[in-house]
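Chemist: This is the structure I want to talk about, given as structure tokens.
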């Protein structure tokens, strides 16, 4: 039976907006890469980063995944009548974020549109949840249901941000854990389980049922919750959380193996077109790579670098978002005719694939070089920019093909027997259980101790009596002999270390990337403070008021890279040379 004309039009409009947001997110990502190789005036890097992440996660990720669920599950339902109003409101919220984040970053307007989006997403899930209750309770349906639950659980982290910021401050571990909570359940539950569920459901529509035991399903779902222990380990370095995470990643690897090997067996006869099949295979390979990388976290050294080397973090996010979700859902949409399988579209997807493989190799490769202290590839940032440029090029072709081709093909709409309605109490219990987990996490993090209270609190007697910050910082360095000028040899040694360990987060100018730019630092900070910040970073971030202000401003904790005193002195000398060349003066803080 052919899709009705109103539904065909709705699918076209929906996918045009989703791919359009993906194209915008890719352009923003390419702009972020350009910050490392050219001067970009006016634009603020962190504002572009926030815009990129929100549009990628919500404009592309949420829209494509929830849209595919709607188009697969609703059958003959009039999509526009049931979801049209929500769709328009969703676009308003996304466009609001798109135009407000670049200007103000996290501000009243952008947060308001973000909040609107979350509320609208609940309405989508509520409608879809009722539809799921009318379907046979197959494995595909169960995985989709759990992915929706995972999405709801992830948003608890967003709602917790306000109270945590107000009571504990943005420098407290709980602030970072709430963000990790959101990202963890978005990636591991919403995107992964949603993609797997739709692939399994696609097979079920063709009469191929994949069966796993309730124990195997419990292992898969349970591992999603247990692997959050890694984030707790970062905030609360207790051996018990490390061992929980180690057990969890092994359970996850076993659960992935038991499910993926069954999916792989049915792939040869499941897809009519080779190109969509290739994308699905790449999605499954990405999930295998994800499981293998997480298994490596059983080694303590690897667990630590997994969240301290930022290149690994970005590579992992892209592995799930682009490798697993984008290629998985994209392959299904191409096979089903909801995205065009024309020559220009295939070229576009091939360029996206090339960009993905190139950027992942560079991110993980350079991350490993940083870990092994092998230095930086001289062409790393340029190479990352070139490969990142393949994304908007490929998406532009795909986007144009959405307008120039008649691509929605006839589909068979299968009727599914009604099963017993899913008890809504199950969903309520899961939500209540998850809120309990959050409460336990807050308790385990020690609440609001005095040493970690928010620096934004003002007017308290304790703060009024606090001693002035030591301009030399906190650490072993009490004095530094700068000599009469810049030691060129020592500065060159420092530059080699900066290239190896610092340029992923800092620029040599006064522009902020992840952290503040280096230009002018010796005019603002005493040399002792700079060296203590390099060699005693954890204590400085916990106790030094100036370091805490920087953390509150940048919202990214500087990792401890175990830099020696001699290497820190070389970095300082390079900073002095950099200030002399770029700022026209150096060492103003000691004059």
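Each residue, glycine too, has its Cβ placed from N, Cα and C.
Because TrEMBL annotations are produced automatically, they should be read as predictions rather than curated entries.
According to TrEMBL, the compositional bias 'Low complexity' annotation covers 450-469. The domain 'Cytochrome c' feature in TrEMBL is assigned to 489-579. Feature annotation from TrEMBL assigns region 'Disordered' to 448-470. Residues or ranges marked as transmembrane segment in TrEMBL: 21-42, 54-71, 83-101, 107-129, 141-161, 181-203, 215-234, 240-259, 279-299, 311-335, 347-367, 379-403.
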Chemist: Give the nonlocal contacts of the transmembrane segment (311-335) in its own chain as ranges (CB under 8 Å, at least six residues past its ends).
Modeler: 15, 22, 56-57, 60-61, 64-65, 68, 183, 187-188, 191-192, 194-196, 198-199, 202, 271-273, 275-280, 282-287, 289-290, 293, 305, 341, 345, 349, 352-353, 356, 359-360, 363-364, 366-367, 370, 504
Chemist: Would you kindly list the residues that approach the transmembrane segment (141-161) from elsewhere in its chain, counting only those six or more residues past its ends and only Cβ-Cβ distances under 8 Å?
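Modeler: Distal contacts: 65, 69, 73, 114, 118, 121-122, 125, 128-129, 132, 135, 175, 178-186, 188-194, 196-198, 200-201, 217, 221, 224, 422, 427, 430-431, 434-435, 438.
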Chemist: Taking a Cβ cut-off under 8 Å, which residues six or more beyond the ends of the transmembrane segment (107-129) line up next to it in the same chain?
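Modeler: Sequence-distant neighbours of the transmembrane segment (107-129): 50, 54, 58, 62, 66, 69-70, 73, 82-83, 86, 89-90, 92-94, 96-97, 100-101, 145, 148, 151-152, 155, 158, 427.
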